[in-house]
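Features of the protein shown, as given by Swiss-Prot:
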type	residues	note
COMPBIAS	1-10	compositional bias 'Basic and acidic residues'
MOD_RES	Ser14	phosphoserine
COMPBIAS	42-59	compositional bias 'Polar residues'
COMPBIAS	68-87	compositional bias 'Low complexity'
COMPBIAS	211-237	compositional bias 'Basic and acidic residues'
COMPBIAS	244-258	compositional bias 'Polar residues'
COMPBIAS	262-271	compositional bias 'Pro residues'
REGION	310-356	region 'Nervy homology region 2 (NHR2)'
REGION	310-356	region 'Important for oligomerization'
COMPBIAS	380-390	compositional bias 'Low complexity'
MOD_RES	Ser390	phosphoserine
REGION	416-465	region 'Nervy homology region 3 (NHR3)'
COMPBIAS	536-553	compositional bias 'Low complexity'
COMPBIAS	560-577	compositional bias 'Low complexity'
Amino acid sequence: MPDRTEKHSTMPDSPVDVKTQSRLTPPAMPPPPTTQGAPRTSSFTPTTLTNGTSHSPTALNGAPSPPNGFSNGPSSSSSSSLANQQLPPACGARQLSKLKRFLTTLQQFGNDISPEIGERVRTLVLGLVNSTLTIEEFHSKLQEATNFPLRPFVIPFLKANLPLLQRELLHCARLAKQNPAQYLAQHEQLLLDASTTSPVDSSELLLDVNENGKRRTPDRTKENGFDREPLHSEHPSKRPCTISPGQRYSPNNGLSYQPNGLPHPTPPPPQHYRLDDMAIAHHYRDSYRHPSHRDLRDRNRPMGLHGTRQEEMIDHRLTDREWAEEWKHLDHLLNCIMDMVEKTRRSLTVLRRCQEADREELNYWIRRYSDAEDLKKGGSSSSSHSRQQSPVNPDPVALDAHREFLHRPASGYVPEEIWKKAEEAVNEVKRQAMTELQKAVSEAERKAHDMITTERAKMERTVAEAKRQAAEDALAVINQQEDSSESCWNCGRKASETCSGCNTARYCGSFCQHKDWEKHHHICGQTLQAPQQGDTPAVSSSVTPSSGAGSPMDTPPAATPRSTTPGTPSTIETTPR
């Protein structure tokens, strides 16, 4: 009894209170350990929760620090020196157990979201224990992976207790003659084994982010829920989860305390509300749930400090309600999808039936039209046949009406009419394309013909000019040869022989004389025609024409002599041979 009377005069979670709890609390859920010195506050900034409350900075191993609104003195030191404080062996074991439960809960929470996120969380946890990640990096990467921010007490808790786990890992690795990374890779189940530790509810570690659509773990409410209510009714000083941040401000409860013993500051007016704060909107669940959160809180109010711990235990059931809300939203979404599928199926059925009805009506009127044509051609037999198929007697007036109906465009959905219009449109496009193609081809042919005509005229002019120039050049050469007595009359080179018939033409050899004989024989020997009738001219053997061309005397003189007539006989006689 002296312990109980002393508890009313001490601070919350004082060493005396913690010693009392250590005797009553089972090993699965240990209370916060005792502190060995003055309260130490961390440098962690208080963070406003989603329901509008704030957590004040936590101290080492659950010792209370003055809240932000009630502190009269400054804080002592930063959280960097928390890991250097010596702890008793029993307290260290409890802190290691809490830290392992915390890491196991994080890993299982990631697995509940998805296997990929669970694997990423496991990698982050191993990196944190292996000292490859700092606590701040672990906090940011975990929030990025799960999209859930951790509660403000987590970083000071890790800074205070992670060195204990790392020292234990280093000690075990030295005993196994391995480095810590190898030992942790081989004995990972000792750190993240859910069967050896009792994991806490993930809602105690993570802030409420209902609007981002993340799910909560639905399968751990009984571990921290009403299954332990008889135990807590017998021992109200026991705490169901020593690292739970589930305390939330309530207007009916006044000042509440964090699970590690730190009182909350006076909160601002709430801006966000939990689902339990709006219990009136969820009457559909009250019939099969336990007594409401507000009733149990009013019942436990006379208990003082421990009533807040009972409220903390009740807060664990919030995940069940949120899980029900998620299922409700999912069920509503599935119902909407089913309604859309059903409406789409009905619409398709109606369209198919309309199409079939239109096709049957079209076939019916086609048969009526064919029967009417047969009636005109075949007579009474066709008339009786059409009367059997048609409910209306095929009189001439009705036939005219049916014919007009057939030629009138149908107002409903007629596949044949649509197909006919599509074919006509395609044919029209083809005709236009062919017309354009023919125009393009004819234009190209016309341009090519004009180009060919122009080029041909240019070519003809060029050829005519070349011929004229060649003729002028030939005449100039001939005239130059006739004027010169020293050049060959055929090729223009230096002449060495003279024609024996006229002693005028000069040649460079017998070849040129034979070549020029066709032109030269018309004028050769005209001046010596009278004297040459009596005697045969003596022709040099070197310049005798070929037999095929005939002798100069055998060839009759031309009627028209060349423009340059040889000189007089006296001149010819005097010309040296």
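Easy rule for this one: first residue shown is 1, then count along the chain.
Placed from the backbone N, Cα and C atoms, the Cβ positions cover glycine too.
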Counts by DSSP class (helix H/G/I, strand E/B, coil) across the region 'Nervy homology region 3 (NHR3)' (416-465): 50 helix, 0 strand, 0 coil
Counts of helix, strand and coil residues, the region 'Nervy homology region 2 (NHR2)' (310-356), according to DSSP: 45 helix, 0 strand, 2 coil
Average model confidence [pLDDT] within the region 'Nervy homology region 3 (NHR3)' (416-465): 92
